[in-house]
Amino acid sequence: MKTLDENQAPSRQTPESHRRGAEKLSRIPVKVEPGAPLRKPDWIRVRAGSGDEVRRVKRLLRERGLHSVCEEAACPNLAECFGHGTATFMILGDICTRRCPFCDVAHGRPAPPDPAEPERLAETIALLRLRYVVITSVDRDDLRDGGAAHFAACIRALRTRSPALSVEILTPDFRGRMEIALDLLAADPPDVFNHNIETVPRLYRQARPGADYRQSLELLARFRDKVPGVPTKSGLMLGLGETLDEVREALRDLRGHGCEMLTLGQYLQPSRDHLPVVRYVPPAEFDELAGYARELGFASVASAPLVRSSYHADQQAAIIGR
């Protein structure tokens, strides 16, 4: 019987069901040509994921049958977040129905939603004594509601177990199921609604096959219409070949659709089979874009090379009083 490595996410040890790399990306419309990667600049420094607190959080996730996007997507901030006892939880399994070539989450045929997951999640978060939590998911194009009912069930379980907890959700685009999904989430709303547009519209075909830029903007706007008291949040990764003018236009689009919170970070290639990094954006440009975003009226902006959607999400939400 195969023994799993406790330090590695279970999905990374079962390649027969969890496809990654070339096997995952073989059917995308724009083929990735592996090449020599750009050398990482000095400002991209990632700590190794070790230490007692990191091991404790990983062990807790394994024991509870839960997943974190920190591990599944190979986030560069894993050691920092796990080291402080925090994690961004990924619900609805660890297998995605899409094959986005920037993302390291596994592709395959997912299992049905686990009805016991919301309660296990609530118990784990209470055990960690978290005050702020981010819940995300894989894409579930196989489900009639895109997984929205499961998001709502998790929010209800969290509110019941930890009434003082603030909950941010980072959702997929609910392609073809937007109204059903929004009705479910409006009945059990989070404290922050996050959906990333990821990149500029020109790069969607190669970076987000199966997704639509305008639909992502519409999702943010429609949620705001249904639940006007809950702020919306979105983010982009830079370094895929976009221009600064294209990024500025995307920021204007987000503000035009009522988005209040923003994250901007550097794209990092998970493997040579993924989309290559076209450019490492210097910190000064992230600062410049942060200033531009604030001029547009974003209430909360996190913009730096290693910023990710949920990185210091509690601090970002506190700026607008969530």
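All positions are counted from 1 along the displayed chain.
Cβ from N, Cα, C; glycine included.
The feature [4Fe-4S] cluster 1 binding site is assigned by Swiss-Prot to C70, C75, C81, S310. The [4Fe-4S] cluster 2 binding site annotation in Swiss-Prot covers C96, C100, C103, and the record cites sequence analysis as its basis. Summarising the annotation, Swiss-Prot assigns compositional bias 'Polar residues' to 1-14. The compositional bias 'Basic and acidic residues' annotation in Swiss-Prot covers 15-26. Sequence annotations record features per position, and here Swiss-Prot assigns domain 'Radical SAM core' to 82-299. As annotated by Swiss-Prot, region 'Disordered' applies to 1-30.
Location within the structure of each feature annotated in Swiss-Prot.
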| residue | record | DSSP (3 states) |
| --- | --- | --- |
| C70 | [4Fe-4S] cluster 1 binding site | helix |
| C96 | [4Fe-4S] cluster 2 binding site | strand |
| C103 | [4Fe-4S] cluster 2 binding site | coil |
| S310 | [4Fe-4S] cluster 1 binding site | coil |
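Each of R98, R99, F102, D104, V105, H107, V138, D139 belongs to the same chain as C96, C100, C103, is absent from that list, and has a C-beta within 8 angstroms of the C-beta centroid marking the [4Fe-4S] cluster 2 site. Mean model confidence for the domain 'Radical SAM core' (82-299) is a pLDDT of 94. Here the candidates are the binding-site residues C96, C100, C103, and by Cα distance the one nearest C70 ([4Fe-4S] cluster 1 binding site) turns out to be C103. Distance from the CA of S310 ([4Fe-4S] cluster 1 binding site) to the CA of C96 ([4Fe-4S] cluster 2 binding site) is 19 Å. Straight-line distance linking the Cα atoms of C100 ([4Fe-4S] cluster 2 binding site) and S310 ([4Fe-4S] cluster 1 binding site), rounded to a whole number, equals 19 Å. The two recorded residues, S310 ([4Fe-4S] cluster 1 binding site) and C103 ([4Fe-4S] cluster 2 binding site), have Cα atoms 16 Å apart.
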